[in-house]
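Copied from TrEMBL, the annotated features are:
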type	residues	note
DOMAIN	B:2-146	domain 'Aspartate/ornithine carbamoyltransferase carbamoyl-P binding'
BINDING	B:Arg54, B:Thr55, B:Arg104, B:His134, B:Gln137, B:Gly287, B:Pro288	carbamoyl phosphate binding site
BINDING	B:Lys82, B:Arg187, B:Arg243	L-aspartate binding site
DOMAIN	B:174-325	domain 'Aspartate/ornithine carbamoyltransferase Asp/Orn-binding'
Amino acid sequence: MNPGSRMPESSALPSQASTAPSTDPGVAAERTVLGEADIARALTRIAHEIVERNKGAADLLLLGIPTRGVQLAHRLAERLTQIEPAFDGEYGTLDVTMYRDDLRRQPTRAVGQTVLPGSLDGTIDDKVVVLVDDVLFSGRTIRAALDALNDLGRPRVVQLAALVDRGHRELPIRADYVGKNLPTSRSERVRVRLADVDGGTDSVVISGVAP
Amino acid sequence: MKHLLTTQGLSKDDAILLLDTSAQMAATQSRENKKLPTLRGRTVVNLFYEDSTRTRISFETAAKRLSADVINFSAKGSSVSKGESLKDTALTLHAMGADAVVVRHSASGAAHQLAHAGWLDAGVLNAGDGMHQHPTQALLDAFTIRRHLVGNVGTGVPGSRQSTDTSAGADLSGLRIAIVGDVLHSRVARSNVYLLRTLGAEVTLVAPPTLVPVGVETWPCRVSYHLDETLEQWQPDAVMMLRVQRERMSGGSGSFFPSPMEYSRKFGFDARRLAVLPDHSIVMHPGPMNRGLEISAAAADHPRSVIVEQVANGVAVRMAALYLLLAGTDETGTEKTGTEKTSTDERNTL
């Protein structure tokens with residue numbers, strides 16, 4: 001957000017000449033850092049780590065944060081069913097819009113759905129909740145998610161899985177499971193594209209905004 | 001949206017956004033903890049120049065569920081009874097820093113005047129102005145119709161595959177809705193005619209000729225003088241009964257129809273008329289009901305009557321309206337930009 005901040009940008013910024021697919025200097029450079037296979041491998045590893053850390057999948061509840069976190073939660077749930085036959089394959093969605101701290105600085109946002117798996121009977125008490133999001137950045141979305149969870153009940157543990165951790169945290173929040181740590185500059189933009197949300201193939205793309 | 005004053009001219013996108021947001025708000029109201037922190041620190045003033053139980057309590061509940069501070073201001077027992085004008089009251093509210101004003105007034109256009117006269121910069125929600133408009137009532141009616149007739153949702157059993165409310169994003173196209181009774185005095189009817197038409201439904205007004213307003217031919221709906229004929233031949237999906245507003249009939253009930261009994265016989269809704277309707281149809285009433293006049297107790301308490309649910313949905317709809325009016329930035333005239341996609345992208349770049 002702040003191009004004049006004291007970040008050591010020289011090493012983090014991609015050099016436009018070596019990576020840009022476009023030769024047009026007016027277009028911001030785009031760089032694909034994770035492809036379809038990379039994303040699939042990262043999710044498989046995260047699924048194994050979740051089972052390992054929690055010694056199984058008992059009381060496990062995956063909650064995706066819209067939009068792309070929901071698809072990622074769906075894919076993790078599929079993998080968990082393969083690893084742990086006892087896992088029921090269910091996942092939910094947790095919308096954090098109404099808990100955000102920047103509502104008054106943004107144009108009005110549409111409120112998304114919060115859906116808990118039907119088997120839970122509307123409570124998350126004593127569950128092991130794994131929040132799933134696509135990009136972990138400032139940490140403010142996760143703070144909002146923790147507040148939203150608090151209104152739904154009292155989970156035993158809350159863990160966080162993110163496909164990409166791009167750094168620049170503004171709050172004391174860290175991920176338990178990370179697909180890829182991606183050193184970025186604040187002026188860059190990291191986008192996760194998923195086939196079932198955005199069309200095309202799965203990818204994680206950095207578009208560099210030249211300083 | 002800065003104000004919500006009328007359903008006439010409300011765009012279809014905005015109407016559906018309001019209904020979708022209402023569905024999410026309704027989902028939070030089945031939780032143990034019903035309160036959301038969304039409008040913390042904002043002040044909502046309920047400015048009621050006319051008597052109201054349902055609407056005022058509904059707005060108050062909605063604002064409190066979103067953590068806004070609520071100030072109730074009714075004309076009785078306030079400086080209005082000493083002769084204070086609407087303008088001076090508005091300036092007082094402005095000085096107190098109201099973020100939204102919910103106004104009900106007996107004069108048509110009072111809400112519009114409050115919003116556009118430059119007296120205050122708060123968002124204005126029309127909670128009924130004279131015989132003109134009552135937009136949140138129409139929205140809650142449309143929301144109730146959509147849940148029952150499009151979404152097939154009772155109370156929403158959550159399933160894991162993100163589809164509790166199957167009606168999300170849907171309009172009301174193809175549905176037939178009959179609005180029956182005192183159309184002349186009804187702001188509910190006016191609001192509903194425009195909103196339901198915008199959402200693609202067909203509307204027929206049914207009333208005795210004396211209770212049909214002059215100029216009704218410019219409204220986007222049909223008019224019938226015969227209830228039985230309409231029910232049998234048109235087979236509406238929803239029947240919305242209107243209250244006979246005797247307090248607005250200056251000459252007593254005698255001036256608009258011969259007798260309450262005759263009105264009840266020709267235009268009252270009862271179990272016999274309910275039996276004529278298709279099995280999926282629903283019966284609605286904005287309340288308060290005159291049982292035995294426009295609706296019989298048997299019809300009002302029938303399983304297909306959704307009158308109590310309308311009241312519950314009113315809170316969700318008003319939460320949605322307050323959210324959409326108040327949650328965004330003040331300066332950048334809040335266009336509808338909060339699609340899911342941009343909000344995720346913004347999250348990444350912020």
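Residue 1 is the first one shown; counting continues down the chain.
Here the Cβ of each residue, glycine as well, is placed from N, Cα and C on the backbone.
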Taking 8 Å from the centroid of the Cβ atoms of B:Arg54, B:Thr55, B:Arg104, B:His134, B:Gln137, B:Gly287, B:Pro288 as the cut-off, which other residues in that chain fall inside it around the carbamoyl phosphate site? B:Ser52, B:Ser58, B:Ala127, B:Gly128, B:Val188, B:Pro286
Please give the maximum pairwise Cα distance, in Å and rounded to a whole number, for the L-aspartate-binding set B:Lys82, B:Arg187, B:Arg243. 32
State the count of C-beta atoms found within 10 angstroms of the C-beta of B:Gln137 (carbamoyl phosphate binding site), not counting that atom itself. 28
Any same-chain residues 6+ apart from B:Pro288 (carbamoyl phosphate binding site) with CB under 8 Å of its CB? Would you list them in sequence order, or say none? B:Thr53, B:Arg54, B:Arg243
Tell me the coarse DSSP state (helix, strand, coil) of B:Arg243 (L-aspartate binding site). coil
Quiz question: given the binding-site residues B:Lys82, B:His134, B:Arg243, which has the greatest number of C-beta atoms lying within 10 angstroms of its own C-beta? B:His134
Restricting attention to the domain 'Aspartate/ornithine carbamoyltransferase Asp/Orn-binding' (B:174-325), give the mean pLDDT. 93
Over the span of the domain 'Aspartate/ornithine carbamoyltransferase carbamoyl-P binding' (B:2-146), count residues by DSSP class, listing helix, strand and coil in order. 62 helix, 27 strand, 56 coil
By Cβ count within 10 Å, point out the most packed of the binding-site residues listed: B:Arg54, B:Arg104, B:Arg187. B:Arg104
Max CA to CA distance in Å over the carbamoyl phosphate-binding set B:Arg54, B:Thr55, B:Arg104, B:His134, B:Gln137, B:Gly287, B:Pro288? 16
B:Thr55, B:Gly287: which of these binding-site residues has the sparsest Cβ neighbourhood within 10 Å? B:Gly287
